[in-house]
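Asker: For reference, Swiss-Prot lists these features for the protein:
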- C127-C194: disulfide bond (DISULFID)
- C172-C223: disulfide bond (DISULFID)
- N107: N-linked glycosylation site (CARBOHYD)
- 1-5: signal peptide (SIGNAL)
Amino acid sequence: SCMKAAPMKEVSIRGQGSLAYPGLRTQGNLETLSGPNDATRGLTSLADTFEHVIEELLDEQQVVQPSKENKDADLYSSRVMLSSQVPLEPPLLFLLEEYKNYLDAANMSMRVRRHSDPARRGELSVCDSISEWVTAAEKKTAVDMSGATVTVLEKVPVPKGQLKQYFYETKCSSKGYAKEGCRGIDKRYWNSQCRTTQSYVRALTMDNKKRVGWRFIRIDTSC
């Protein structure tokens, strides 16, 4: 986030991800998907295909909701993953959440967005950021919602062994405009600064009394 001559918030609370990935519907064949008389145009572009898939998933997400009786639903987060190895891609729920937030903020439909994509217009973000998977071994400790420092457990026991906790963190890039101010802000009239902000996610931790449990902790989530 970029702030102009104003105090900055340290933390914001984000909503938690859905319990399961929404289903994906496939309709029609290649000819019907590309429209009538489009045989000479070939398959649709990868970008349009990706947007179509996300649109389907967002539609499904509005219908598929975790059961109110399922007490484990709040243990899932779009930025936390339990895995035996480092994930190769950003979490799907995170991509859906970020994409939906963008559409909601812009108050526009998917088709309108296709013609106003910043990447297609050559636009740059106000603050440069970097996202990567971080292990509990790298984090070691974190601050919970009560302000106490807790130990982030590296491994989570499961019926067939143990899985590692991974956190998908986003922070300001040291190679960007973090020290020089926000991109596009007139330095003659405004003082600006790119800062990493945090949100709460659910993770398995241990407090100073050796009590292990799932708690909300702060991690870097945006710039």
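Yeah, the Cβs are placed from backbone N, Cα and C, and that goes for glycine too.
A quick note: this is a predicted structure, and the numbers were derived from the prediction, not measured.
On this model, are these features tucked inside or out on the surface, and what's nearby?
Answerer: Around C194 (disulfide bond), a 10 Å sphere centred on its CB holds 24 further CB atoms from the protein chains shown. DSSP assigns C194 (disulfide bond) to a strand.
Secondary structure at C172 (disulfide bond), taken from DSSP and collapsed to helix, strand or coil, is strand.
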Asker: What is the number of other Cβ atoms found within 10 Å of the Cβ of C223 (disulfide bond)?
Answerer: 23
Asker: Just to verify a number: CA distance, C127 (disulfide bond) to C223 (disulfide bond), in angstrom, no decimals.
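Answerer: Checking the Cα atoms of C127 (disulfide bond) and C223 (disulfide bond) gives a distance of 6 Å.
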Asker: Give the number of CB atoms, excluding that of C172 (disulfide bond) itself, located within 10 Å of its CB.
Answerer: 22
Asker: Whole-number answer please: how many Å between the C-alpha atoms of C194 (disulfide bond) and C172 (disulfide bond)?
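Answerer: Roughly 7 Å, rounded to the nearest whole number.
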